[in-house]
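Trainee: Dumping the structure here so I can ask a few things about it.
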Amino acid sequence: MCLLIKKLYLTFARSTSIIITLVIIDQLSKWWFIDNLRWTPGLMLKVTSFLNMVYTWNYGISFGLMREYYQYSNAIFLITNTLIVCYLYYLMIRSNTIGSFAGYSFVIGGAVGNLIDRCFRGAVFDFIHFHYHNYSFPVFNLADCFITIGVIILIEDYDNTKKVIEEKIKGNYDNAQIEAMAEKIRNTDQGGNDKV
């Protein structure tokens with residue numbers, strides 16, 4: 001029991017420090033660009049031929065979707081995002097691999113960064129804008145980058161874990177061991193977080 005409490009404490013301490021670090025980086029970047037871009041002509045700073053820093057507020061969800069429903073949806077976004085962050089934190093504490101732990105930390109850090117914006121500013125501040133000729137990618141921020149990186153890590157971790165389980169099954173195991181491993185794969189495929 002004491003070992004379980006120690007593991008939970010270490011997981012909580014590590015995850016919280018990673019999440020807080022990511023939130024601080026996100027909020028400092030937003031603060032700096034809000035403070036400096038508002039005085040830039042056209043609210044835009046050209047960095048390269050394909051990258052601009054722009055001053056824009058996102059009242060919708062990712063990439064500005066549903067922004068026309070802002071007056072009805074901000075409270076719903078706040079509640080939904082908070083519940084999702086809590087659920088992801090629960091999954092992270094249950095995670096058994098470094099990859100899933102890191103992936104959840106990045107997703108939660110990014111989600112909390114955007115949640116802070118929505119809670120205290122009423123919208124999410126976006127400032128990174130990639131474009132090339134007539135193509136223009138939606139404006140985003142570092143929190144969005146953290147979420148994307150976290151999802152990529154989680155997908156890679158899932159694939160690697162599944163490969164390890166499949167390799168173990170190919171070995172010389174008795175039927176009970178094979179059935180136990182297959183059950184873990186089924187649980188993982190159904191959205192569980194069990195890993196071998």
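Glycine too: its Cβ is placed from the backbone N, Cα and C atoms.
Pulled from Swiss-Prot, these are the listed features:
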ACT_SITE  ASP126  active site
ACT_SITE  ASP144  active site
TRANSMEM  17-37  transmembrane segment
TRANSMEM  73-93  transmembrane segment
TRANSMEM  96-116  transmembrane segment
TRANSMEM  135-155  transmembrane segment
Trainee: So for ASP126 (active site), how many other CB atoms are inside 10 Å of its CB?
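Mentor: So the number of other Cβ atoms within 10 Å of ASP126 (active site) is 24.
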Trainee: In angstrom units, rounded to an integer, how far apart are the Cα atoms of ASP144 (active site) and ASP126 (active site)?
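Mentor: Per the Cα atoms, ASP144 (active site) and ASP126 (active site) stand 9 Å apart.
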